[in-house]
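Trainee: Pasting the feature list from TrEMBL:
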ACT_SITE  GLU301  active site, proton donor/acceptor
DOMAIN    44-335  domain 'Peptidase M14'
Amino acid sequence: MFVCFTLFHSRRVFISNLQKEIEKQTGYRSSRKRRSEAQYDYEVYHSLEEIQSWMFMMNTTHPNLVDVFSVGKSYEGRPLYLGKKRRLQKKAVWIDCGVHAREWIGPAFCQWFVKEAINSYQYDSVMTRLLNQLNFYIMPVFNVDGYRFSWITDRFWRKTRSKNHKFHCRGVDANRNWKVKWCDEGASSHPCDDTYCGPFPESEPEVKAVAKFLRKHKKRVEAYISIHAYAQMLLYPYSYKYATIPNFNCVSAAHNAVTALYSAYGVKYRYGPASTTLYVSSGSSIDWAYRNGIPYAFAFELRDTGYFGFLLPESLIKPTCTETMRAVKAIASGVLKKSAACLWFFLHSVWPFITKKKKKLFLVEIK
């Protein structure tokens, strides 16, 4: 089997034996079973069942740092598990992976992030400060039904697995189903298309559950980060229109993030508004997050730029996750710096005025 790339009427064979590459990532499952955290291999792709078992294992071994709970259920009834760093009433960063089933490097990164955060806590000053002052909500597999389907049936499956009553085609693009310019340019209304927007906004239980959770916690969630592949890009709003985002801090954070990412292995990422950097799409999660008051909203498109595509070899998991880790830490550090600046302004400019007014009211009352 051959995969060909067509450009200006020329053809290049990128992967000479596609089936062999797929089997490399899905085969030999018995040798990858892990019984303890120390044995868990972060440099291979894991099935949904393995990832969910890992989540509870992390909760058991690090109960002071990790909490695991479900925010809802998928179309096929699977729990939508979310991992949280235990710290109450703090500003928060949301990270989801596996929105599109075939993008296996996404869930691999979410696991890598949790592992690195826990292992470097109290050893790495930056990570220690981030974990002490921020909550991190991590969803390793957003599209649980689709991800499992990509393991057992179709490696290149993208959408969810919901049924359509009028067509035999299944699934909705979970990144076209959000309630923001829903089913406009860049989304399809046909159920058989990969970018099908769904019968209505938040029709997918997965999208609805996450949207509900984020709405409930939007006063504390300062950053929304969604991990995708592939293109080597860092995108921010807007996706649905050609316009400059009014939040310059988001642009600055993106620049700092790709600079940090480049420092690891010299891999270059483009950054900018999703509409002009990648393509126009409506109903996306980053546009929804930004529209709903989350000031920092990003979508990563991880390695590579098309040679391996969705079949990124397991040998590239470590470098991809290592460099992305630096980028995410840069974004989270920017969130902290912005929060500190706002607090400084409040304490030095607003609070003295409030206390002064309070004193005046108090004196008037005494009289």
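Think of each number as a place in line: the chain as shown, counted from 1.
Positions of Cβ are set from backbone N, Cα and C atoms, glycine also.
These figures come from a predicted structure and were not determined experimentally.
A description of the local structural setting of each listed feature is requested, covering burial, neighbours and distances.
Mentor: Just so you know, the Cβ of GLU301 (active site, proton donor/acceptor) picks up 21 other Cβ atoms within 10 Å once every protein chain is counted.
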Trainee: Looking at the domain 'Peptidase M14' (44-335) alone, can you tell me the average pLDDT?
Mentor: 96
